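Enquirer: The ATP binding site annotation in Swiss-Prot covers 686-693, 1319-1326. Taken from Swiss-Prot, the feature compositional bias 'Basic and acidic residues' applies to 424-434. The compositional bias 'Polar residues' annotation in Swiss-Prot covers 892-901. The domain 'ABC transmembrane type-1 1' feature in Swiss-Prot is assigned to 311-621; the stated evidence is sequence analysis. According to Swiss-Prot, the feature domain 'ABC transporter 1' maps to 651-892. Among the features that Swiss-Prot reports, domain 'ABC transmembrane type-1 2' is placed at 961-1251. Under the heading domain 'ABC transporter 2', Swiss-Prot lists 1285-1538. Annotation source Swiss-Prot lists N-linked glycosylation site at 4. Under the heading topological domain 'Extracellular', Swiss-Prot lists 1-29, 125-130, 191-201, 324-351, 471-481, 580-584, 975-1013, 1106-1109. Under the heading topological domain 'Cytoplasmic', Swiss-Prot lists 51-103, 152-169, 223-302, 375-449, 505-558, 606-953, 1035-1082, 1133-1199, 1244-1558, citing sequence analysis as support. As annotated by Swiss-Prot, transmembrane segment applies to 30-50, 104-124, 131-151, 170-190, 202-222, 303-323, 559-579, 585-605, 954-974, 1083-1105, 1110-1132, 1200-1220 (among others), with the evidence given as sequence analysis.
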């Protein structure tokens, strides 16, 4: 009995009458009345007061800061928010008509309640009138208050009471608070009615009616949308679907997602079915709030500051949930006491205990669900913050070297930076590789964000541990502290394991970065790798790194085993120590009630121990990832906003010196003074490596400015510039040497955020010679260019990049060698019609080029560079007279400077894919066919059984899986025997023995015997369970090793067609995210699933065996369990797949930003790209958000079902109390306690397994792709001995639906013959190389080399027998030697010989270099070139070399192997004409007996060859000596020579060659 003053609160088994009258009917309602009235009055008065003051001018939501800071203007999210809102519209999810009708019903119930009060008050007996008047009057006033509140809520729609809208939500809150409180107060009186404690009929009717009305009002309000909340959505698409308006019931039980789950059950979901996010969860709002709350400094304090409200809410919910979770354990001793002696307590009281268990678990489940969902929502928001900050940093990060070394501690230092780098290359100057940067976003950001989920679990674990220990102390006394000390002793072991685990994790991340970098490099260069037959080389390099990862995974598995053993054995050890101390030192009797209550508490303690251990492990990983993110955010940023000076009259340099890096060997531009002519064409020329590209990058502010000044028209953001009357802005547009395109349509790439003007667009297309290409494409300007433009030819990519600059509103254009990728005819057309045409009116253009004769014709200003210095500048006509280099270059270009008229209505050609359809000879139909494949397909339905079987086969088959599952059944049987052993111990009565331990050991059954046996059973069970997990993980690691090797082999040896139509990012997703899932998540989840299923089956069978009546509850509960699980699994599967697909665009945008950051910054378009990233993040967040809501939806329902299992078990136990002993009842309740958690775990793990199995499906899909057909007849070792090549009736198409790239091609090349292959872009030239290398399967025909049909020769043997110099110079991360001779087949003398021949080192230095290899002393030997020694670092893609230098190094690589056949694909396009002439001379002199097939746009390069093969539309049109063809006016070759602008020179060279060979 609990007393308060003179009024007892509880009498025997019910609430006392005076307590009901004083507290339930008076004091508590009075408190509700006063708090509700004060709160409502304050809110209404405030709203009325503000309305009267008519505060219509609201303060701006965000204050502008740093208005003079151009960098702030470009990157501040606060500045973006207003622009975002102006482009979108606000859609408000209004209340339904039915919700409005419910308010009238609510008012009617309140009136009814007042009527009932008046009726009872008027009919109350006089002797009770004074007391009852007090309580009734309070309740009447409370209902009058609620009537006023509902009235105000109803009249808020009236124009006369619009001020009420401001406090409508507060009024709604008062109503809900009152209804919920009143219903809660009515529960105990209603119980008194049911058990017959209240006899008065009027009071019985009153209590029943009051409870019913309170419940009805509560249900009405809980199921109606929350008033006063403008649940609005900032959307870009009017058709975007909105979720149902939130209700209290929907928020608490997650029923708000019911419609989406039901829709997913009926059919597969698509992106269009996913509801939009509300404004508060939009990325722009999240980032704006984060930016306002953040201070300069480290990321972690800012994250804590921003999410402090979430943390506090989770802390409170964890406290409530943790306490309520122990209510069943507190009530368990009373239930077991009743089972032990049914007469000790009344049935009413025991039924109250059982009901209290049900209610407490439901409330605890609700609090836990809300706490976890807050964490999951925080995960989404933190992920948004991290990804956005990383993306924004990428747009600010410097392109220069040594911006960081945090991810690559062992990275080598480059010998010199690229003086003539292209767009893709400058961005790679950082020593952090782009793929490592991508890991920061794709892996580290996700790991850190997942830590938000752990905060609630960590708080819950702490509270549960403390509460459990307090209850244990009250139950066992000070012996509970013995167990506590044992528990604390395990914490250092946990931290020791966590420390080792974290160290291994950090080492693994380094290897993962290295592996993904290697894979990305291989994928980006797959065509060259196949041409060089280096698949095995790259396969072995990647596998070696992977082996290191596998070793670390196994070490982590061992640490996990130790940690797992501690987790499982901990409760056994703690309970054994506690019981021993309790019996021996406290001399207490251990009863079943005490023992099984303590065991239930120890079982509950296992959960927080698990959570603490897993939380520590996850937090360590998260902190490691956070440090990596912090390191990235701390990297140096571009200084362009500081070093560029704005000027309206000057554009250029004033005594400026610039460099790539602060190193002696770094390339420098020295004392540059150039004043470019405004509204004119300015040309920059110079030999290869002179610094032309670096000069342009310096003008853009991308290099380090050592001294001097750089003047540009503006440094403001593109959005802030005013458009002039001519439609132009004072901004710059940049077109890089290597074209940079975004994934999207041709229109997207050209318009690039500008306003679309059809006439202007058509004019730009025509001037850039793209109009014919567009017409040839089925989709026209809507043709998707693919990943990096891989569906287009190199020429088309360059022209689209140029068109983007021309179409822009920029008045200043900076073009880096944009004419080298097109044939001479197209180059001349673009120069005349575009660069010197009407599109350039009022514009200033700066262009670099090797085509000196072309660009100098109409240039107004010419700058000549050499070795980073301006040698001369001025008008071209003046410089030609005085500059020897210029005069020599023009003479080499053309002795006839008068070009012939060309047909401006020329036809352009079709496309070329990035890696495989080299010149794009496949038709535009193929483009459209490929475009259909650009979007990643979403798997539908459940994961196929074939995927499970495929994975099981790697484990050894389904038999191994069966054995593994059977072992789980046996092991848990051992675990259950612990409880039965304890029951047996207690039944023996030995616990009360007073004999000495030594004597009883001799005699037999002593306490120590039982305790030691109990410990042994627990240890064996824990060891076997942990060992099973360890075996599973180790086996899984071996399986993932095999799967990775299979996947890598499948990708590397796949047909080139696969790489053409599959974006690199999609393939990388398999190697990174999907492989990481199989490595670290899938197998542990499989093991956890099997264990949880076994546990649940054991529990159900145990309870059903002891109390068969339980099966009556079990059947409907299982049916309900199955139903909700089925609904959830289908919905979660669809949402997860959409989430996986929607993440890819974020990776794509990030990869594009890395490659194109120079172009983006030049256009001052950072703000638009940040906005695009936010849109992509929102599209990814939507399915992620609703997936988490669906997860909590199922968790809540499974918890409720588990609570019902506990409740039904308890009911069965008290009903069969006379037939059960307390020990058996304790075993049943202990297991029933764990059923909820285990059942919930099954759903989570099973859904996780199915979701994770989608990664297996995706990987399996890529292991089944067709590989290249291999030959089976090995030719002789010296094949090809002579070099005869013959094509017979060869036809080739790149896809079944495309036109023929080669159509019945036949020609023969004799050994030692040099053949030039010419023709317009897309004529089929590069398809010949593709056919000879068998990069694509032929439709028909044969290719004979030295009397061998190459179709039957093994691919590696074939490709190793032919040398090739591809059009795109591809180098790999390593050294000069590893790029030239990765297999160490050649000596230094041979390597220096080819370097000398291609002009990378001077001939006089060759012997010096060889002698210095033994004792290098480069300080005393000054080189003119950048190659210090053969171990000089070459970065991935050759990014630290100029385009020309890369091409020369590739030429040296092909010349190193003495092969009898060489294929050259436009290998000198990026080299100046003088160097080109020298290289061609070298080729002719050193390869006299080699058969050479050269594709060339520069006709001068092949005019003295033995034969010219003219291709057109995939057919051979002409094949003869150059002189023969050029002498015939009717030949295509004659027309090509005429259109080149140097006909007379070509004719003379051809004639000399012809005469020399007669």
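Each residue, glycine too, has its Cβ placed from N, Cα and C.
Note that the coordinates shown come from a computational prediction; the quantities given were computed from them, not determined experimentally.
How buried are these features, and what lies next to them?
Expert: Model confidence over the topological domain 'Extracellular' (1-29) stands at 71, taken as the mean pLDDT rounded to a whole number.
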Enquirer: Can you name the far-off residues of the same chain, 6+ from the ends of the topological domain 'Extracellular' (1106-1109), with a Cβ under 8 Å from a Cβ of it?
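Expert: Residues 1209, 1212-1213, 1215-1216, 1220, 1224, 1228 contact the topological domain 'Extracellular' (1106-1109) from elsewhere in the chain.
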Enquirer: If you draw a 10 Å sphere around the Cβ of residue 1323 (ATP binding site), how many other Cβ atoms fall inside it, taking every protein chain shown into account?
Expert: 25
Enquirer: Relative to the Cβ of residue 1319 (ATP binding site), which residues of the same chain, six or more apart in sequence, are found under 8 Å away?
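Expert: When sequence neighbours closer than 6 are ignored, residue 1319 (ATP binding site) has 1325, 1510, 1511, 1512, 1517, 1532, 1536 within Cβ distance under 8 Å.
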Enquirer: Given the transmembrane segment (170-190), which of the listed stretches 202-222, 303-323, 559-579 has the most Cβ pairs that are under 8 Å apart from it?
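Expert: Selected stretch: 202-222, with the most Cβ pairs under 8 Å.
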Enquirer: Taking 202-222, 303-323, 559-579, 1083-1105 as candidates, which has the most Cβ pairs under 8 Å with the transmembrane segment (585-605)?
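Expert: Result: 559-579.
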Enquirer: If you count Cβ atoms within 10 Å of each one, which of the binding-site residues 688, 690 comes out on top?
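Expert: Of the binding-site residues 688, 690, the highest Cβ count within 10 Å belongs to 690.
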Enquirer: Who are the chain neighbours of the transmembrane segment (202-222) in space, where the CB to CB distance is under 8 Å and they lie at least 6 residues beyond its ends?
Expert: 102, 105-106, 109-110, 112-113, 116, 120, 123-124, 172, 175-176, 179-180, 182-183, 186-187, 189-190, 192-193, 247-249
Enquirer: Looking at 104-124, 1083-1105, 1110-1132, which one has the highest count of Cβ pairs under 8 angstroms to the transmembrane segment (131-151)?
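Expert: Looking only at 104-124, 1083-1105, 1110-1132, the most contacts with the transmembrane segment (131-151) come from 104-124.
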Enquirer: How about long-range neighbours of the transmembrane segment (1083-1105): same chain, 6 or more residues beyond its ends, C-beta under 8 Å?
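Expert: Apart from its flanks, the transmembrane segment (1083-1105) reaches 964-965, 968-969, 972-973, 976, 1025, 1028-1029, 1032-1033, 1035-1037, 1039, 1111, 1114, 1205, 1209, 1212, 1227-1228, 1231-1232, 1234-1235, 1238-1239, 1241-1242, 1245-1246, 1248-1249, 1252.
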Enquirer: Using DSSP and three states only, what is residue 688 (ATP binding site)?
Expert: coil
Enquirer: Look up residue 1325 (ATP binding site) in the DSSP assignment and reduce it to helix, strand or coil.
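Expert: The residue in question, residue 1325 (ATP binding site), is helix (DSSP, three-state).
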Enquirer: Once the chains shown are all counted, how many other Cβ atoms turn up within 10 Å of the Cβ of residue 1325 (ATP binding site)?
Expert: 27
Enquirer: Note down the number of other Cβ atoms within 10 Å of the Cβ of residue 692 (ATP binding site), including every protein chain shown.
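Expert: Summing over all protein chains shown, residue 692 (ATP binding site) has 27 other Cβ atoms within 10 Å.
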Enquirer: What does the DSSP secondary structure composition of the topological domain 'Extracellular' (191-201) look like, as residue counts for helix, strand and coil?
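Expert: Counting residues by DSSP class gives 5 helix, 0 strand, 6 coil.
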